[in-house]
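Read the structure below first, then the notes.
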Amino acid sequence: MNPQAKLIFITSLLMGTTITISSNHWIMAWTGLEINTLAILPLISKSHHPRAIEAATKYFLVQAVASTLVLFSSMTNAWHTGQWDITQLTHPLSCLILTSAIAMKLGLVPFHFWFPEVLQGSPLVTGLILSTAMKLPPMTLLYMTSHSLNPMVLTSLAILSVALGGWMGLNQTQVRKIMAFSSISHLGWMAIIIVYNPKLALLNFYLYTLMTAAVFLTLNSIKVLKLSTLMTTWTKTPALSAMLLLALLSLAGLPPLTGFLPKWLIIQELTKQDMASAAIIISLLSLLGLFFYLRLAYCATITLPPHTTNHIKLWYTNKPTSTWIAILITTSIMLLPISPMIATII
């Protein structure tokens, strides 16, 4: 892709996100979401492969429907209350329509079908943007309207998302699809807590972004798209594969890694809200996700490819590890000791 064109699209993404997260008026928020959608489409379809074009088409159709629902929800609220302010969403029907629209934007169950397909048709770096940066504007809208939303609906969506995100990722062999179902599962954890403690949901989102960025950039560095390729990486980049193992276990939420922190705080908050049963259910369902993270980690570090001929192993590659990968992996495995400080912030 032409560097000037890429610069324009990335700038448009930043601008759309900034407009949405800084707006108070529904029309401005909707404008930012539309700019974001239009800016990401060329990045998805830049390879001109039929699968990439299909992914871009699916993404456009789903996001267009979701944006229409956002607009319809805000207009219904304005019709009944005379308010266009995002924080003044009070009409029950508007709240229900907005919840559906944001769930569609984020890829929460039952509006999740588009997300694995779109991620599978996108390059890894574009997949990273779709999994993290493109989720920030809808999460911000959810944060700003969280006091008005129906807790029962969001809890149901969250538990279904964690269940299906874990269950459907079990038999996948494509790394991008596994990361898509991982994203759906993590969004379930954010959705269940957003009504009770919105700042905690945002903290979860930030840490999820850190860990996902570390995994995606590592996979992009070692050029891995499926599990069979992942099995051959240990001989080429042993240190990076070992770090990938830790980043994946952190994403699974195992202590003493960073990923354990948001899960721990969410379970604690749910217990305080007399929702111990929901906390137990969502914790047990996250074990499904743990299985496919362990599968990825096993393929990356423990499995050696079958070889019958004697040949020299490529122990090292000439390409040095990116500084960004080093920083992201360090933060995604070592933030748990400073959790008291993080807890005071939220």
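Every residue gets a Cβ built from N, Cα and C, even glycine.
What TrEMBL records for 7-27 (among others) is transmembrane segment.
Residues or ranges marked as domain 'NADH:quinone oxidoreductase/Mrp antiporter transmembrane' in TrEMBL: 23-288.
Remote same-chain residues near the transmembrane segment (60-81) are listed as 26-27, 29-30, 33-34, 37, 41, 88-91, 93-95, 97-98, 100-102, 104-105, 111, 114, 141 (criterion: CB distance under 8 Å, separation of at least six residues from the stretch ends). The annotation transmembrane segment is assigned in TrEMBL to 60-81 (among others).
Non-local neighbours of the transmembrane segment (93-115) in the same chain are 33, 58-59, 62-63, 65-67, 69-70, 72-74, 76-77, 80, 130, 135, 137-139, 141-142, 145, 148-150, 153-154, 157-158, 160-161, 163-165, 180, 183-184, 187-188, 191; each lies 6+ residues outside the stretch with a CB under 8 Å from one of its CB atoms. Here TrEMBL flags 93-115 (among others) as transmembrane segment.
Marked as transmembrane segment by TrEMBL: 151-170 (among others).
When Cβ-Cβ distances below 8 Å are used as the criterion, the transmembrane segment (176-196) is approached by residues 103, 106-109, 112, 115-116, 119-120, 122, 124, 127, 131, 135, 139, 142-143, 146-147, 149, 151, 154-155, 157-162, 164-166, 168-169, 204-205, 208, 212, 215-216, 225, 251, 262-263, 266, 269-270, 273, 278, 282, 286, 288-289, 292-293, 296 of the same chain, each at least six residues removed from its ends. The annotation transmembrane segment is assigned in TrEMBL to 176-196 (among others).
Using a Cβ-Cβ cut-off under 8 Å and counting only residues 6 or more beyond its ends in the same chain, the transmembrane segment (203-222) has close neighbours at 124-125, 127-128, 131-132, 135-136, 139, 175, 179, 182-183, 186, 189-190, 193, 233, 236-237, 240-241, 243-244, 247-248, 250-251, 258-259, 261-262, 265-266, 319, 321-322, 324-325, 328-329, 331-332, 335, 342, 345-346. Taken from TrEMBL, the feature transmembrane segment applies to 203-222 (among others).
The annotation transmembrane segment is assigned in TrEMBL to 242-266 (among others).
The annotation transmembrane segment is assigned in TrEMBL to 278-304 (among others).
The domain 'NADH dehydrogenase subunit 2 C-terminal' annotation in TrEMBL covers 290-342.
The transmembrane segment annotation in TrEMBL covers 324-345 (among others). Only residues 6 or more beyond the boundaries of the transmembrane segment (324-345), in the same chain, are considered here, and those with a CB under 8 A from a CB of the stretch are 203, 207, 210-211, 213-214, 217-218, 221, 240, 243, 246-247, 250-251, 255-261, 264-265.
Contact between the transmembrane segment (278-304) and the transmembrane segment (7-27) is absent: fewer than three CB pairs lie under 8 Å, with pairs separated by 6 or more positions in sequence.
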